[in-house]
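Reading through the C-alpha cells given below for one structure.
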Amino acid sequence: MSKPIVLSGVQPSGELSIGNYLGALRQWQQMQDDYDCQYCVVDLHAVTVRQDPKALHEATLDALAICLAVGVDPKKSTLFVQSHVPEHAQLGWLLNCYTQMGELSRMTQFKDKSARYANDVNVGLFDYPVLMAADILLYGAHQVPVGSDQKQHLELARDIATRFNNIYSPESPIFTVPEPYIPTVNARVMSLQDATKKMSKSDDNRKNVITLLEEPKSIIKKINKAQTDTETPPSIRHDVENKAGIANLMGLYSAATGMSFEEIEAKYKGVEMYGPFKKDVGEAVVAMLEPIQEEYRRIRADRAFMDEVMKQGAEKASARAAETLKKAYEAVGFVARP
C-alpha cells in the first residue's frame, strides 16, 4: 500500500530558529517512515523579499545541511532545492491563470509583509501563494503541515486545484486536493521577550530568537533574560493566558527533555524564584541542539556530499513534477514539444 504524500518546505532567508525546528523540522524526521515525504528548500519564495546574493547562496546550503543534520534521510525522503526543479515556476505561471486577484488581495500574510517591506512590494510577494500552490500540487500531496500563518495559503491551493479539476477533468482529477497535516504534538515557540507573539527568525530584536546554530553561552543568556512574570510567590505552571512567559519556557523545557507539563510543575513546585528553572531550561535547550550543531558542521564541510544530495533530490523531484505538469499542459491544450 502506498504511503500518503506530504510536502513541506523551509525558506532560506535568515537563520533558522528553534521554532523552525520544533514546529517543523523535527516533524520532518519523524514522518519519514509513515509518509512519502517531499522536502524542499524554497529559495524561489525567499526572493519575494530582496536578498543579498551571497547571503542567499550560503543560507540555502545552510538550510539543506540543517535538514540533513536533524535527521532527514535522502534515502527515505526527497530533499531538494526549489529552483533546481523548474516545474515549480512553470506550474506556478499556469495556476496564475486560474487564480483571481481578489483571492490574493485577501491574503493576510501579504498585507502584513507589504506593510513591513513597504519600499519593495513586488508582484512576487503578492503572488507567493500561487507558487506555494504549485509546490503542493506538483507532487500530489495529500497532506501539508501548515502553521496558522499559512492556513489561508493552503485553502487557496485547495480552491485552485478544485477549480482546475472541475474545468478540465471533473471525473478524473488532475490535481490532488490537499488536506492540512495536524501534528499530534503542537510545538509552538513564542518570542522570548513577548510570549504573546510567535518566535520569528526574521525578528529584528535578536533577544527574542534562539537560532539552531546559536552558541551555547548566547542561548543560556537569552533564556536567563526571557520574559516571566511578577507573581508572588512565583509558580511554575502552564497557564498561557495568565503566565505566557512561563508557559513558553515550559514548552521549550518539555520539548528538550520529554517531560510533561505536569511533571515539570511537580518538579518545580514551591520554587522561591524563577532563576533555577531558567538555568535548567537553558541547559536542556543547549543539550538538545548540540548534536544537531555537530552534525551540521560535519555535513556543511562536505560539499561533495551536499552536491550529491541536491543532484539526486532534484532528479527525483523533477521526475514526479514533470508527470503532473504534463497532465496539466495536456488538459489546457498546450502542444507537446516534439
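Backbone N, Cα and C atoms are what each Cβ position is placed from, and that goes for glycine too.
Packing around Q11 (ATP binding site) is summarised by its Cβ count: 22 other Cβ atoms lie within 10 angstroms of its Cβ, all protein chains included. What Swiss-Prot records for Q11, P12, S13, G19, N20, G147, S148, D149, V189, K198, M199, S200, K201, S202 is ATP binding site, and it gives sequence analysis as the kind of evidence.
The L-tryptophan binding site annotation in Swiss-Prot covers D135 and is backed by sequence analysis. D135 (L-tryptophan binding site) carries a helical DSSP state (H, G or I). In sequence order, L7, G9, C40, V42, Q82, H88 are the residues of the chain that are 6 or more apart from D135 (L-tryptophan binding site) and have a CB within less than 8 Å of its CB.
The motif ''HIGH' region' annotation in Swiss-Prot covers 12-20. Here the motif ''HIGH' region' (12-20) returns a mean pLDDT of 89 for the predicted model.
Swiss-Prot lists 198-202 with the feature motif ''KMSKS' region', giving sequence analysis as the kind of evidence.
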Positions whose Cβ lies under 8 angstroms from the motif ''KMSKS' region' (198-202), at least six residues beyond its ends:
13-20, 147, 149, 188-192, 208-211
Within 10 angstroms of the C-beta of N20 (ATP binding site), what count of other C-beta atoms is obtained when all protein chains are considered?
23
For each of the binding-site residues (S13, S148, K201), count the other CB atoms lying within 10 A of its CB, then report the residue with the highest count.
S13
For V189 (ATP binding site), what is the tally of other C-beta atoms lying within 10 angstroms of its C-beta?
22
Please give the maximum pairwise Cα distance, in Å and rounded to a whole number, for the ATP-binding set Q11, P12, S13, G19, N20, G147, S148, D149, V189, K198, M199, S200, K201, S202.
20
Sequence gap of 6 or more, Cβ distance under 8 Å: name the residues on the same chain that satisfy this around M199 (ATP binding site), in order along the sequence.
S17, I18, G19, V189, M190, S191, L192, N208, V209, I210
